[in-house]
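Q: As annotated in Swiss-Prot:
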{"type": "REGION", "residues": "1-265", "note": "region 'Amidoligase domain'"}
{"type": "BINDING", "residues": "13, 186, 187, 188, 189, 190, 191, 222", "note": "UTP binding site"}
{"type": "BINDING", "residues": "14, 15, 16, 17, 18, 19, 71", "note": "ATP binding site"}
{"type": "BINDING", "residues": "54, 352, 380, 381, 382, 383, 403, 460", "note": "L-glutamine binding site"}
{"type": "ACT_SITE", "residues": "379", "note": "active site, nucleophile"}
{"type": "ACT_SITE", "residues": "505", "note": "active site"}
{"type": "ACT_SITE", "residues": "507", "note": "active site"}
């Protein structure tokens, strides 16, 4: 039977439940179990697609086109699996389904209520994933215990403990802060969060204490006394040098052994050698490479978390230390001299939408192109690379994307045909995996080592086919195209040290154990240029 591990959080949000969930799943996977993870989000949005990145962080796109919570990215990166959009359950989805069912007469005249109809819908969605054949399903319940919107999900989890014959474990994650004045750990907030959990009928089996530094045995004893959780089932996730070390420190404390004992499952000895080597490579590297990330949401780093992690994955395999420089494209518009002051080794032009900060991104693209600095553009970053090239190389000074200037005389970027008749925002973009053909002999071909790939997408606009010929005749290489429609998927320059931009999002396929080749190539080029060598991809000198 499938085991279910529910992860709850106390005291405040953003305490690290997502990493704890991914770590627990990884600990079980390291013992030979097949494991998947689910994120429950109690908000009423159907998905994360239309939410402000400053409120929600990155929208993580799944292979099947789901616009999901960024925690699904952590799950995929830790487990090296592909999750579907069904692995992100929101209140909006649940209530929409229940109300639709009531309208269609599914409930045969019953009075439709939170219990049992909403809770049954929640349980059905969790069990549908379990039926795929997993040994264990780890479910992170978003938000904080005590939030009104979380109550139906906690109630559904409580019911599942009754119904699943001992195959359910509850793990509670909560912080124990340190007062600066006394340098003392304070456990009272955690104690109260467990009291809130008990009020809804849930006694946690395991507690993970989040702290800035390792807790003392006295703290563990005090938490045990007031939460009714034995000391050997209390673990500490303290701040470490990389999130990929968290499963290692929790397993060293015995979490894997105790969890499998509670679930009464037979497992193998954990295999951590490859993971440990990569983590050590990540934290012990000394050669530094500076990568500038240029976009408009840089004040909240979580808005681009998959790109940051993809850089770290590639750096770990190359045994270098990435230094990430954040570049606010709006600030570049005010002061273009910021670009040379950064003295960077490589640029990534970040994805995004809208007019704000666009000219700053275009300035950064031009600076990288004219100064032979390695550049990778992603999604909007590719579209604006085309705009910059059309303006500066083709001489089409009014060239733009119709997303920003619908009246431009040279719409080198225009809305895709399939998007023109759509008048809703949510879930209507070109989303998820698409099959792509790579141009034989291109730089991209050498990087991938393949002529046919699949990558994830999230966009409405495309390179305007009316400008294909002009752009190509001016030296812009279309190195990848969609298989099913005439759509540019990647561009590159052969007279530049390293200049590649993609319509797709390579960051969503990067893993610590399997970094994405585009990020590895960017860092290789940046390192070679830093050492004064010819480009390993074009032969161009620095």
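From the backbone N, Cα and C atoms, a Cβ is placed for every residue, glycine too.
Please situate the listed features within the shown structure.
A: On the 0 to 100 pLDDT scale, the region 'Amidoligase domain' (1-265) averages 95 in this prediction.
In the three-state DSSP scheme, residue 191 (UTP binding site) falls into the helix class. Neighbour count (other Cβ atoms within 10 Å of the Cβ, all protein chains): 17 for residue 191 (UTP binding site).
Annotation for residue 19 (ATP binding site): same-chain Cβ neighbours under 8 Å, separated by at least 6 residues, are 74, 237, 243, 246.
Its Cβ placed at the centre, residue 382 (L-glutamine binding site) has 27 other Cβ atoms within 10 Å.
The secondary structure of residue 379 (active site, nucleophile), as reduced to three states from DSSP, is coil rather than helix or strand.
Same-chain residues at least 6 positions away in sequence with a Cβ under 8 Å from that of residue 505 (active site) are, in sequence order, 61, 306, 351, 378, 379, 455, 456, 457, 458.
Less than 8 angstroms from the CB of residue 507 (active site) sit 306, 307, 309, 310, 378, 516, 519, each of them six or more residues away in the same chain.
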Q: Going by Cα-Cα distance, pick out whichever of the binding-site residues 14, 352, 460 is nearest to residue 188 (UTP binding site).
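A: Nearest listed residue in space: 14.
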Q: Can you check what DSSP calls residue 505 (active site), collapsed to helix, strand or coil?
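A: DSSP call for residue 505 (active site): strand.
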Q: Of all the binding-site residues given, namely 71, 186, 189, 191, which is spatially nearest to residue 403 (L-glutamine binding site) at the Cα level?
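A: Nearest listed residue in space: 71.
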Q: Please tell me which one of the binding-site residues listed here (15, 17, 54, 381, 382) sits closest to residue 190 (UTP binding site), measuring Cα to Cα?
A: 15
Q: Rounded to the nearest angstrom, how far is the Cα of residue 222 (UTP binding site) from the Cα of residue 54 (L-glutamine binding site)?
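A: A Cα-Cα distance of 37 Å.
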Q: Helix, strand or coil for residue 18 (ATP binding site)? Use DSSP.
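A: DSSP assigns residue 18 (ATP binding site) to helix.
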